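Visitor: This is the structure I want to talk about, given as structure tokens.
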């Protein structure tokens, strides 16, 4: 039941997601592609977390933050992808009122945390390159924990603002959302009540997060580039810059896509283009992050080789012992 009679009012109890396409063949193809991406996302980020936990050489502030970034990437993808895959299977694109609020609230929470973690990693690179002698003090274990906890608190606050704004709205008419998941902007268009307060509150919250994190990232990298340009040897410049390329790539992908979705005027691109960008933002980027950080980071690659080598060596020893005992019993 999509509507509930409440006295003289009709209340929406569920929303209908128009999804990505109506073509049944294309839906099946998209299901397979997105399922594969989701499996790679979860396995890749879990592998990153486990590798950082078990590798003593990766027990540094940057990798501590990276492990939380990997957890958040799983959260962002999981807030949208499982429900989207389910709609592909059951051919039923409805989501309950509460389910809709949970979906966009979790997306807002994890998206906010990712913004602050990316800003924290930029600050980490700034201290490492511009103030290396103070690195152990400014990026101590206690400082890292405080920065990460602060990121989660900001995520909780922003998600709370969006949740309270959502429950202050009244839905009595159309319930069709032209998207594949419950985003806050399309919900505002469906509301029968005045959305001014909700728009102001969420805009201030999202604006504060965006401006704060972009400011920290911009200032950090400005100082980093100035410091790198002052280095005398080309080798030192390349080495310093190589420590930033992975993070800078992740920042450009994340914020670049977010700007197109939430900042650019809707008239500048079509709804279908917006859906593609949203897929990239919520599904593809969480898969790319572990690849970006692992393929361009020598310490992670060395740790991965070392642990894979140990596994191969231990399995080889086990095979040899089994083979020896089988052929030459005592």
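Any Cβ shown, glycine's included, is placed from N, Cα and C.
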Visitor: For the feature transmembrane segment as recorded in Swiss-Prot, pick the matching range from 178-198, 241-261.
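Guide: It is 241-261 that Swiss-Prot annotates as transmembrane segment.
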Visitor: With reference to Swiss-Prot, is residue 13 found on the same side of the membrane as residue 302?
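Guide: No, Swiss-Prot places residue 13 and residue 302 on opposite sides of the membrane.
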Visitor: To which residue among 8, 45 does Swiss-Prot attach the annotation N-linked glycosylation site?
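Guide: Looking at Swiss-Prot, the N-linked glycosylation site feature maps to 8.
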Visitor: Counting by DSSP, what is the helix, strand and coil composition of the topological domain 'Cytoplasmic' (124-136)?
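Guide: DSSP composition of the topological domain 'Cytoplasmic' (124-136): 12 helix, 0 strand, 1 coil.
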Visitor: Can you say which of 29-49, 103-123, 275-295 has the most Cβ pairs under 8 Å with the transmembrane segment (200-220)?
Guide: 103-123
Visitor: Going along the chain, which residues at least six beyond the ends of the transmembrane segment (137-157) come within the CB cut-off of under 8 Å?
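Guide: The answer is 61, 64-65, 68, 108-113, 116-117, 120, 123-124, 127-128, 131, 205, 209.
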Visitor: Run through the Cβ atoms and count how many others sit within 10 Å of the one on residue 100 (disulfide bond).
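Guide: Excluding its own Cβ, the number within 10 Å is 25.
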Visitor: Please count the residues of the topological domain 'Cytoplasmic' (221-240) that DSSP assigns to helix (H, G, I), strand (E, B) and coil.
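Guide: Split into helix, strand and coil, the topological domain 'Cytoplasmic' (221-240) gives 17 helix, 0 strand, 3 coil.
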Visitor: So how many other Cβ atoms are close to residue 192 (disulfide bond), meaning within 10 Å of its Cβ?
Guide: 15
Visitor: At a C-beta cut-off of under 8 Å, are there same-chain residues at least 6 beyond the topological domain 'Extracellular' (158-199) that contact it? List them, or none.
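Guide: Non-local partners: 2-3, 9-12, 14-20, 80, 83-84, 87, 95, 97, 99-101, 103-109, 112, 205-206, 209, 262, 271, 274-275, 278-279, 282.
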